[in-house]
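Per TrEMBL, the features are as follows:
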type    : residues                                                                                : note
BINDING : Gly29, Gly30, Gly31, Leu32, Met33, Gly34, Asp52, Glu117, Lys122, Ser144, Asn168, Lys300 : NAD(+) binding site
BINDING : Ser68, Lys75, Ser144                                                                    : CoA binding site
DOMAIN  : 24-209                                                                                  : domain '3-hydroxyacyl-CoA dehydrogenase NAD binding'
DOMAIN  : 211-308                                                                                 : domain '3-hydroxyacyl-CoA dehydrogenase C-terminal'
SITE    : His165                                                                                  : site 'Important for catalytic activity'
Amino acid sequence: MAHISQVYCRKFSTSPAVAGAIKHVTVIGGGLMGSGIAQVAAATGHNVVMVDQTDDILSKSKAAIQKSLGRVAKKKFADDGERQSSFVADVMGRIQLNTDPVDAAKSTDLVVEAIVENLDVKKKLFSALDEAAPQHTIFASNTSSLPIRDIAESTNRLDRFGGLHFFNPVPMMKLVEVVKIPETSNETFERLVQLGKAMGKTTVDCKDTPGFIVNRLLVPYMMEAVRMLERGDASARDIDTAMKLGAGYPMGPFELADYVGLDTTKFIIDGWSKKYPDVQIFQESPYVNKLVADGKLGKKTGEGFYKYDKK
Ligand SMILES: CCCCCCCC(=O)CC(=O)SCCNC(=O)CCNC(=O)[C@H](O)C(C)(C)COP(=O)(O)OP(=O)(O)OC[C@H]1O[C@@H](n2cnc3c(N)ncnc32)[C@H](O)[C@@H]1OP(=O)(O)O
Ligand SMILES: NC(=O)C1=CN([C@@H]2O[C@H](COP(=O)(O)OP(=O)(O)OC[C@H]3O[C@@H](n4cnc5c(N)ncnc54)[C@H](O)[C@@H]3O)[C@@H](O)[C@H]2O)C=CC1
């Protein structure tokens, strides 16, 4: 994994927001994804407001960003503690916190939404933001599985709406899928692509098809792994080992599901099973349902398919 980190350090060291480009980013949702997006946006010179529901959640998000930046800084300034600290302080200084999304949207170039994977909740949020945000502000969703067009229809700015799908963990993963709905203007799309690049990512152009590119392939793969486990074909550990050593994946499907969060995994599957009732691979998993019902949401709660040390 060392080379991924080196790329991160190289790309992220000197790329301030370019003139005319998006300079101010509001990230709504300070969970796994929102905190990562806020971190990388700030580390690449953007001014960021991160929004979540309570001060308590936001202070946990802030601590997560600080910890992740500490890991980046250690690599970037190997033996120089002072430069490590000033790098972290500098990036943190570009992140403001707010519990009021409407207030935050009043003055920003871009809103990136990374809240719970629920269409109605996302629509309600964007509808409120649309009233408050300036004309020029672009809206983007980081949804894993919902149609961007369905979210965008809650606003009157379809031409300034698109998808910006980042990958977990955002500081390490080099891809952003930029999603265009039929109404997205070329200018909006270009500005989103530019932002992705300014954040040090490689971008791919996506249509608003289910799961875009990555998740259209990843979700069936992960769900087939779950079916194998449910059928008793192999253990989770053996399936993970097989996919890491036999297919070269950095994580096996169960490690990855735990890393993504089983709540988010279930939201995706529930949505797709409702929408595509005839597609067998998208149907619900009793195994995942039970884990979620027991509060075993993966790494974030200390247990999912596996158990984790709480750090
Ligand atoms: C069924 C439906 C489900 C569908 C779900 C869809 C969800 C989506 O919509 C789309 C998604 O995001 S899918 C998830 C995509 N992500 C992946 O596939 C991650 C796969 N894992 C990895 O790449 C590495 O294990 C990874 C990079 C994570 C960690 O690397 P390692 O395994 O080698 O572990 P470490 O030794 O801890 O880390 C290696 C170096 O990376 C640095 N690092 C890791 N995490 C970091 C973080 N969060 N922030 C900053 N730095 C970080 C770490 O410093 C370490 O460097 P060294 O110090 O040199 O070891
Ligand atoms: N977990 C993953 O690996 C990935 C998730 N995504 C997508 O990103 C989005 C967020 O996922 P995660 O960060 O994993 O979820 P998470 O559960 O870690 O974080 C979601 C955050 O949103 C906050 N929130 C919920 N409703 C809100 C509202 N109305 N206003 C402000 N904040 C609100 C919650 O308090 C929570 O902190 C989802 O749409 C998910 O599908 C996309 C790529 C990867």
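Yeah, the Cβs are placed from backbone N, Cα and C, and that goes for glycine too.
Features per TrEMBL, on structure.
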residue	record	DSSP (3 states)
Gly29	NAD(+) binding site	coil
Asp52	NAD(+) binding site	coil
Ser68	CoA binding site	helix
Lys75	CoA binding site	helix
Lys122	NAD(+) binding site	helix
Ser144	CoA binding site	coil
His165	site 'Important for catalytic activity'	strand
- Residue with minimal Cβ packing [other Cβ atoms within 10 Å] among the binding-site residues Ser68, Asn168: Asn168
- Message: As a test of reading the model: what is the averaged pLDDT for the domain '3-hydroxyacyl-CoA dehydrogenase C-terminal' (211-308)?
- Response: 97
- Between His165 (site 'Important for catalytic activity') and Lys75 (CoA binding site), how far is it from one CA atom to the other, in Å? 26
- Far apart in sequence but close in space: which same-chain residues, 6 or more away, have a Cβ under 8 Å from Met33 (NAD(+) binding site)? Ala114, Asn142, Phe166, Asn168, Val170
- For ligand 2, the binding-site residues of Gly31, Ser68, Lys122, Ser144, Asn168 whose CB is under 6 Å from one of its atoms are Gly31, Ser144, Asn168
- Item | Residue from Ser68, Lys75, Ser144 whose C-alpha is spatially nearest that of Gly29 (NAD(+) binding site), among the binding-site residues | Ser144
- Task: Could you list, ordered by sequence, which of these binding-site residues: Asp52, Ser68, Asn168, have a Cβ under 6 Å from ligand 1?
- Result: Ser68, Asn168
- Run through the domain '3-hydroxyacyl-CoA dehydrogenase C-terminal' (211-308) and tell me, per DSSP, how many residues are helix, strand and coil. 66 helix, 3 strand, 29 coil
- Task: Based on Cβ atoms within 10 Å, give me the single least packed residue among the recorded positions Lys75, Lys122, His165.
- Result: Lys75
- Query: To the nearest whole angstrom, what is the C-alpha distance linking Lys75 (CoA binding site) and Gly31 (NAD(+) binding site)?
  - Reply: 24
- Message: Under 8 Å between C-beta atoms and at least six apart in sequence, can you list the same-chain neighbours of Ser144 (CoA binding site), or say none if there are none?
- Response: Glu117, His165, Gly211, Asn215, Thr264, Ile268
- Message: Give me the count of other Cβ atoms within 10 A of the Cβ belonging to Asp52 (NAD(+) binding site).
- Response: 24
- Task: Between Gly31 (NAD(+) binding site) and Ser68 (CoA binding site), find the distance joining the two CA atoms and give it rounded to the nearest Å.
- Result: 13
- Query: Measuring Cα to Cα, how many angstrom lie between Ser68 (CoA binding site) and Asp52 (NAD(+) binding site)?
  - Reply: 19
